[in-house]
Amino acid sequence: MSDKKSLMPLVGIPGEIKNRLNILDFVKNDKFFTLYVRALQVLQARDQSDYSSFFQLGGIHGLPYTEWAKAQPQLHLYKANYCTHGTVLFPTWHRAYESTWEQTLWEAAGTVAQRFTTSDQAEWIQAAKDLRQPFWDWGYWPNDPDFIGLPDQVIRDKQVEITDYNGTKIEVENPILHYKFHPIEPTFEGDFAQWQTTMRYPDVQKQENIEGMIAGIKAAAPGFREWTFNMLTKNYTWELFSNHGAVVGAHANSLEMVHNTVHFLIGRDPTLDPLVPGHMGSVPHAAFDPIFWMHHCNVDRLLALWQTMNYDVYVSEGMNREATMGLIPGQVLTEDSPLEPFYTKNQDPWQSDDLEDWETLGFSYPDFDPVKGKSKEEKSVYINDWVHKHYGFVTTQTENPALRLLSSFQRAKSDHETQYALYDWVIHATFRYYELNNSFSIIFYFDEGEGCTLESIIGTVDAFRGTTSENCANCARSQDLIAEGFVHLNYYIGCDIGQHADHEDDAVPLYEPTRVKEYLKKRKIGCKVVSAEGELTSLVVEIKGAPYYLPVGEARPKLDHEKPIVILDDIIHRVN
């Protein structure tokens, strides 16, 4: 048994396995929503020194860089966050983290339910037992320009309606919009030392710009659907899927890189230069924003989907690239590495190997309801098909054969009878992740001479960072970490030149290298690095076309090794 005793072990939620719900469905359930709001109020009101408080749970991810819930202090620890980024443990560490939050939320909801004095008190108590953290499915987009996947209760409403303990309807201040520090943490620096509450999408005056944030989410939605689809279907190994470290042979974003950009959807305006990050745009401060938990709930859901699709693949060996509170630089990481500061009821550290079956912790997702009790193989086939349907490109523009072809390729079920072949075009960016001291974005946009606007942005590759005077030494130790990200181009190619084909078969040549190079040169792609400091000298950018095909009877595209990957030069213009 470990000698590191935890005062708040992660034991999971007892009883029946219950689903974490999409936030759009969750808010329609009055009992769930009321209990969630009340539980947040309870956690946010707790003294910031209480390990079960909203502040302390958020602080596990970053500042104030203190030990969490340890019975005895541990000596010689790095002054750093606990969270693992850029390593093979990124998905599993955050699974344990999300579940620790969920367990604490669930306990608070149970206490809240006991306060109801109405005749249906038993129903409130049962609802509290069934309550799980909801997720924001930011990868889903139904081809609706006004769809953002978040209800007003999460992003707009300063007051929300809930049921009071006596059964009447009341309005209360919305605890999902912000966390109010009491007091502001003394180790916060810069703007974070001035903001009394968490800040989303700050403008040049350092004020919250919610309508700008919503416009940014809408503009990014089609790209996120394609990024999510490619992340789930083209990363066959744990090394490719798990983190943003550069890997030979990658052709789609990792789970972590897509996750980075979602942080920035809430945490920064990409059109501002220099960058003005809010809390969600800075690693040391991100988990203090209540939306963090919805975001990371979806990160875990995507991990569960990928696990089911690749049921014979799990955590592979990798190198720890930066110091954390629980890991040293250069340490070899495996599925048996401890996930500090999370301990079992037996006071042993949780390990990735313990977390492979997420139901161990008392939750699941609605996506798996149709295949309960099925074999791993049957679940894999079903989820593969479901991912194609849910995240594959869908279009109502049936007059555009190039988009119909793209839709056919991405939405084919495993029993399809046609073999599809298509070049997949991406912008590929590699860079030293710690070259700059804080978060930064690499932004790609059309019509370079016209300037960068939300409407012209094709996509971004984002370094989700955050440096303080206390942890800057970690960056020096991690200088050699090369990260990579991708921006997928086929949707834009299909939209713009697809009208030149009469049928889907005629559209295939439109994705061939010669036509694509001609098209992209005309679109004048600009690239700019937006940060709060200097130039990113390590950045290397290229456009790559990989020949993929979808065999008859399969739902996962395969790289055609008989054809070379094509590199297009002299297309992207670097803008200072």
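Backbone N, Cα and C atoms are what each Cβ position is placed from, and that goes for glycine too.
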Candidates HIS251, HIS296, the one Swiss-Prot lists with HIS259, HIS263 as binding Cu cation 2: HIS296
Neighbours of HIS259, HIS263, HIS296 excl. site residues, C-beta within 8 Å of centre, Cu cation 2: HIS94, ASN260, VAL262, ALA286, PHE292, HIS295, VAL299, PHE464
For HIS94 (Cu cation 1 binding site), identify the closest of the binding-site residues HIS259, HIS263, HIS296, judging by Cα separation. HIS296
